[in-house]
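> Pasting in a structure now, in structure tokens, and then I'll have a few things to ask.
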Amino acid sequence: MLVGAHESIAGGVANAVDRQLENGGNCGQIFTHSPQVWQDPSIDDTDAEAFRDRSQMHDIGPWVIHSSYLVNLCTPKDDLRAKSIDSMQQEVDAAAQLSIPYVNVHLGAHTGAGKQQGLDNAISALDELTIPDSVTVLLESDAGSGTKLGNKFDHLAYVLEESTHELEVCLDTAHVFAAGYDLSTPAAVNTTIKEFDTTVGVDNLACVHLNDSKHACGTNKDEHAHIGEGKIGESGMEAFINHSAIDPIPLVLETPNENGKGFAWNIDRVQNLAENPA
């Protein structure tokens, strides 16, 4: 199976590969810079080559670049829209430089413009990007707090259908659960995946952010928990991981580092649940 974690690039992007190895992962995700500021990736060619070489040497991949948290594709504000498009262009270019196939992005919030206008804003912003042939932009499912979009499967389906680009989806289990799609039992997992397939299509699913949730289903609260120890729980996580539609998809953990448990513990947990289904 493909399972890994979101790794730091501190000291150079190639160090993310070493950190992934230490945690026992074989795929993963990075930020190219602090996600809390507007900043260029600024990855030099030597470091990029080292990242590519180490990833190939250790057979780690696919990798995903997660875009800045400041990006808001749904915004009605011209200045924020321009910054968001510029930031995304830099991310897809960095992905090509690093031979990373995916750039993940949240649609953002419509901040009062309304759902339809927000989705249309996101589509037109994405359509302004020049995406390298080797890179695919992934729309991440959202927990849906405030006016954020992407919390409903039909939001994702609409953007996929209307954009001029060939986009795909990253499903975050904690976000989906928070948005009201139950994953806490095997039956609920089957229902949710069936609804996703009917609305979006599992053939459009390129990556999963595998996270448990500290909050109940439908609360729209985005706070991640250790695998099997949150409100989704062991039964739901086990059923999700072992579902035939999910089995070939890269699973990227964004679980907490707390209570003596970090990425290594959570990766091991996922592997055990996959190897020893109930």
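Cβ coordinates are placed from backbone N, Cα and C, and glycine is handled just like the others.
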> Out of E234, E238, E254, which does Swiss-Prot tie to the same Zn(2+) 2 site as E140, D172, H209?
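It is E254, as the record lists it for that site.
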> Write down the one residue from H33, H106, H215, H224 that Swiss-Prot lists together with H66, E140 as binding Zn(2+) 1.
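Only hit among H33, H106, H215, H224 in Swiss-Prot's Zn(2+) 1 site, alongside H66, E140: H106.
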> Looking at Swiss-Prot, which one out of H175, H243 binds Zn(2+) 3 in the same site as D222, H224?
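That Zn(2+) 3 site, as Swiss-Prot gives it, pairs D222, H224 with H175.
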> Of H66, E140, H224, which binding-site residues come within 10 Å of E254 (Zn(2+) 2 binding site), going by C-alpha to C-alpha distance?
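H224, listed in sequence order.
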> Using Cβ-Cβ distances, find the residues under 8 Å from H106 (Zn(2+) 1 binding site) that belong to the same chain and are at least 6 apart in sequence, listing them in sequence order.
S67, Y69, V71, E140, D142, K148, G150
> How many whole Å apart are the CA atoms of D172 (Zn(2+) 2 binding site) and H224 (Zn(2+) 3 binding site)?
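Here the two Cα atoms lie 10 Å apart.
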